[in-house]
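Scroll down for the structure; my scribbles are underneath it.
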Amino acid sequence: MMANDAKPDVKTVQVLRDTANRLRIHSIRATCASGSGQLTSCCSAAEVVSVLFFHTMKYKQTDPEHPDNDRFILSRGHAAPILYAAWVEVGDISESDLLNLRKLHSDLERHPTPRLPFVDVATGSLGQGLGTACGMAYTGKYLDKASYRVFCLMGDGESSEGSVWEAFAFASHYNLDNLVAVFDVNRLGQSGPAPLEHGADIYQNCCEAFGWNTYLVDGHDVEALCQAFWQASQVKNKPTAIVAKTFKGRGIPNIEDAENWHGKPVPKERADAIVKLIESQIQTNENLIPKSPVEDSPQISITDIKMTSPPAYKVGDKIATQKTYGLALAKLGRANERVIVLSGDTMNSTFSEIFRKEHPERFIECIIAEQNMVSVALGCATRGRTIAFAGAFAAFFTRAFDQLRMGAISQANINLIGSHCGVSTGEDGVSQMALEDLAMFRSIPNCTVFYPSDAISTEHAIYLAANTKGMCFIRTSQPETAVIYTPQENFEIGQAKVVRHGVNDKVTVIGAGVTLHEALEAADHLSQQGISVRVIDPFTIKPLDAATIISSAKATGGRVITVEDHYREGGIGEAVCAAVSREPDILVHQLAVSGVPQRGKTSELLDMFGISTRHIIAAVTLTLMK
């Protein structure tokens, strides 16, 4: 950077001040037009946004999604009007469009989403922006090895979220010197003062304790902000935090630093007078042109990834699907150099260590911080820069559900791998057993849910997920199970496999993972009694192959049994019931885990909770008696 970036001339300083006031005016008009909106939060951040967008950040005005642009994340998404106002000043949004804030069919929503080309991730659920910023910064520093920088504007109130400090620890550990977090310390939260109010020095101490380079500035002093952002650009091997002391509602008489104005526009009868007051402080009509970025990001391709060779397993081989996951990822990493894997300190249990051993430069250890791991994955995947797989015990994704939910709103392309599913986890104990994960991921919009049952189908699930738009979840299991498919078998999303069938099938049994193998064993026992059953492997639980299930049910007298290593609520059985709900004369009998499990051997627990071979045989017998 040039010296005048650190100390801009008098004219530039005045234009930045004037721009900040125009941002306030845009925010006032937009919130008045909508009748609601966090105007006061916009006003406290006006100088920060002015300096970032028109002095510090480098980006192409006409191409907001360019890979070399600096990134900006508004973690405090409720201040969206100030972001939209900035893009009015840039020239990408018209002033008339800004007046459609929060209206139906307008992309200018209450909180920003990637429906807008200048928004990388959806925000509004507080405490998540910095984690995604970490993912962007990590990608820029270690994968793209490019010049772009990442700026995250946060509110002081959201610093109460633990995920913020997970992100702080991550950024410090990985020396993300291309990352700048700005705390807008405006003293007030939604319903009252923030816990530390204007204790900016305490925020500074917290940031420094996490190993961040930190500056404490007057957030309404554009010269001080320019200086701080320039200094941040000179620091090596440390992320920077700028603690900006501001006032909520800055510039608005009787509202500045006053409580009970969060989420409220100024009264319409006062709006014109307030706008005129702010306009009277504007001395120029000039605009500053953003600097162009350094174009040094590599050209990449993350589409149409092919298997380099068929799966190397034979029918009858025994291997756990969660181990196959690690082997398949390492193989996928050879097919495309933009495949990355994130772990929450479980690589030796989930077998992602196999990928790490082969591709160490593309493995990201996120330690025991699952919320941040998901946020980092979201950030890494923005602008199509990586194919991200994040793995953990599936049970621990529950604590990151809000991040997953926001990832869906962000239209994120990330892949989550959940291991140690169900009571088949066995002696590792109940706290490690995922029994709610299918319900959780099935509820996420546009999320594809894979449940492979052997090594062949697991490898296919990995490749399909890598090529699938949107979020994907792959459920893997700990017990070793037999390979039942040949290497030549083809798999598709939404297409089930009928793995056992005959002309005289009496009942359709649907199982996945370990319970598919229990179902096949039950079918063998029943055939010795002269009872033929059809066995289906759904492969994907969402979308579910309703056509195959319905046709099989009709072929077996409308008799269907589902068996799953999951709670009844939200699992395979309920998915099947929904699929056949409009079909007359189809009866679904569900076998699922009920109650809180306990530690034990896999076979003991499958039997104790009614999902073993013995219970499937009993269910078939009972169904045929009705």
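Quick reminder: no glycine exception, Cβ is built from N, Cα and C everywhere.
Classification of E370 (active site, proton donor) by DSSP places it within a helix. The active site, proton donor feature in Swiss-Prot is assigned to E370.
For S41, H78, G124, S125, L126, G157, N186, K248, H262, E370, F396, Q432, the entry in Swiss-Prot reads thiamine diphosphate binding site. According to DSSP, H262 (thiamine diphosphate binding site) is assigned to coil rather than to any helix or strand.
Taken residue by residue with DSSP, L188 (Mg(2+) binding site) is part of a strand. The Mg(2+) binding site annotation in Swiss-Prot covers D156, N186, L188.
Summarising the environment of H262 (thiamine diphosphate binding site), the number of other Cβ atoms within 10 Å of its Cβ, over all protein chains shown, is 18. The annotation substrate binding site is assigned in Swiss-Prot to H262, S349, H420, D428.
Annotation comment: Swiss-Prot describes H262 as site 'Important for catalytic activity', evidence class similarity to another entry.
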Cα separation, H420 (substrate binding site) to G124 (thiamine diphosphate binding site) (Å, whole number): 32
Residue among the binding-site residues S41, S349 whose Cβ has the most other Cβ atoms within 10 Å: S41
Most Cβ neighbours inside 10 Å, all chains, among the recorded positions D156, E370, D428: D156
CB contacts for N186 (thiamine diphosphate binding site) [other CB atoms within 10 A, all chains]: 28
Spatially closest candidate among D156, S349, E370, H420, D428, the listed recorded positions, to N186 (thiamine diphosphate binding site) (Cα to Cα): D156
S349 (substrate binding site) and L126 (thiamine diphosphate binding site), Cα-Cα, nearest whole angstrom: 31
